[in-house]
Amino acid sequence: MTIENQASSHKKSLEEDNNNNSTKQSTNKNSKKLALIPLVFLIYFEVAGGPYGEESAVGAAGPLYAILGFSIFPFIWSIPEALITAELATTFPGNGGFVIWAHKAFGPFWGSLMGSWKLLSGVINLASYPVLCIDYLKLAFPIFASGLPRYIAIFVSTLFLSFLNYTGLTVVGYTAVCLGIVSLSPFVVSSLVSIPKINPKRWISLGQKGVEKDWRLFFNTLFWNLNFWDNASTLAGEVDKPQKTYPKALFSAGLLTCLGYLIPLLAATGATPLDQEKWVDGYFADLAVVIAGKWLKIWIEIGAVLSVMGLYEAQLSSCAYQILGMADIGVVPRFFGARSKWFNTPWFGILLSTLVALAVSYLSFVDIISSVNFLYSSGMLLEFASFLWLRRKMPEVNRPYKVPLPWPGLVIMCLVPSGFLVYVMAVANKIVYLGFTWHIVTESESAKMMSLEMNDRKKIGLGLTGFGVFFSFLGIIFFFDKGLIAMGNILFVSGVTLTIGLKSSAQFFMKRSNFKGTISFGIGFFLVIIGWPILGMIVEAYGFVVLFSGFWPTVAVFLQKIPVLGWLFQQPFIRSFFDRYRGRRVPV
């Protein structure tokens, strides 16, 4: 088939999908649609939620670079992403958002891949918000600082916030309006009070002498605080007149976000002497005491908790409606798109997102940011490619809003942020690899027995092992997709081989006591390839248990560090079972 014929067939399918989306939207039981103002604040919370969290940029690179970063980066990243979202969300106003764009541009496989990357980045990001909320609450209630009370607080707050999302997107939207106004108001007051104290010379400081610049933290902080503009696209099916509403909402949210970051940053850095090492998350509350008094600090801390609630609600809405949209276009089974009979909300999507968020809530905040940035960057590269492909090959498709640039301008608009995405993925690489695999090893007693000196080869091996587990997990989620499971197996074995070396790998797999495991793992892999993924995974699981049973003490230590679940594994009668194996040599 020629490119022209492909484009023609794609164009017809796009028009049919637009008609289908309109039909679906018109038959929704819930006649309440999301209006402009609630949508503005939902986008605002999906991207920013206030200046909370930008302090690390000053600590990493100094006031001048932080101010330049939050002034220039929106033009490099935020505006292109928002423009693409405005064009494609109004062209394809369905709940699938970016999944629909990749699906229609390159086919079902790439749509599924886009959905996986973006959904995982969304739910992992979701896990950070209850943790942040409890971190602020522990300042007033020290009982939440550690231990079982902290884990219970995270668990209960997650369930409460998820239930609010279940009551309806309109409720969430107007709640976001209230949360946004209240959480921003202390920074308006703080900025006004700071005006007489501002010394403009402090803005051009490159940082204190002797403090090394942390560019990885700097760029990750910028990226984390200014991304996720396209998340709004997954709500398109629930918005009133999306063709007219989205461009206005994105512009308004963009202006609110930029001002919400820059004005407090200029006020705080200009009004107070620089102590760079103190510029970490939460430092705005400490500065409030210097600027106005303790009353403002309390107000900012209350605003921080409310902001985190808004961030959680907006992110969960995006994830849940993305799952609904993926079910609508057949990327995942239809029941993934099940709606509540009472509120017409995607209850299955809300439940699935909440459970995954709880499962990864044990990760540190830095690991969460790096993992989110890496996965999100992968999805954005595919999104830019989808945008350019759809514009180039299907120019006649009706676009209610169109980015006002010629083709060369569009290419440049996408290439510049793409270069930055590659950089973010590169600097996030090591942390992401550690987050997936090395975190398990370094935190355990068995790691000492392995005596592995880390080098570049072993870091790559650990990364491949982590991605192997990741793709296998995806394959199981998507109903035992043989392609994803096979890819996961290949990456896992390759990663183990690189980590412990070719000779050690051969000795490990060919050891007499491991014969059953090696043969079972190989047979299971063969069954997956020939199209029997469920049976193959069962056989593989047996082989995996036989091969890696010596690592169970390491896994036990890892499980004991997970909130709520970890408390269960630390109980004496369970811990004693794992302690029997502690001290045995890891079989590598």
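Think of each number as a place in line: the chain as shown, counted from 1.
Just so it is clear, glycine is given a Cβ too, placed from its N, Cα and C backbone atoms.
From a predicted model like this one, the values you see are computed outputs, not experimental measurements.
TrEMBL has this to say about the protein:
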- 1-29: region 'Disordered' (REGION)
- 19-29: compositional bias 'Low complexity' (COMPBIAS)
- 34-52: transmembrane segment (TRANSMEM)
- 58-77: transmembrane segment (TRANSMEM)
- 172-195: transmembrane segment (TRANSMEM)
- 249-267: transmembrane segment (TRANSMEM)
- 287-312: transmembrane segment (TRANSMEM)
- 319-336: transmembrane segment (TRANSMEM)
- 348-365: transmembrane segment (TRANSMEM)
- 372-390: transmembrane segment (TRANSMEM)
- 410-439: transmembrane segment (TRANSMEM)
- 460-478: transmembrane segment (TRANSMEM)
- 484-502: transmembrane segment (TRANSMEM)
- 514-535: transmembrane segment (TRANSMEM)
**Prompt:** Looking at the stretches 58-77, 372-390, 514-535, which one shares the most CB pairs under 8 Å with the transmembrane segment (249-267)?
**Reply:** 58-77
**Asked** Out of 34-52, 58-77, 287-312, 319-336, 372-390, which stretch touches the transmembrane segment (172-195) the most, going by CB pairs under 8 Å?
**Response** 287-312
**Proximity of the transmembrane segment (287-312) to the transmembrane segment (319-336), 3+ C-beta pairs under 8 angstroms** = no
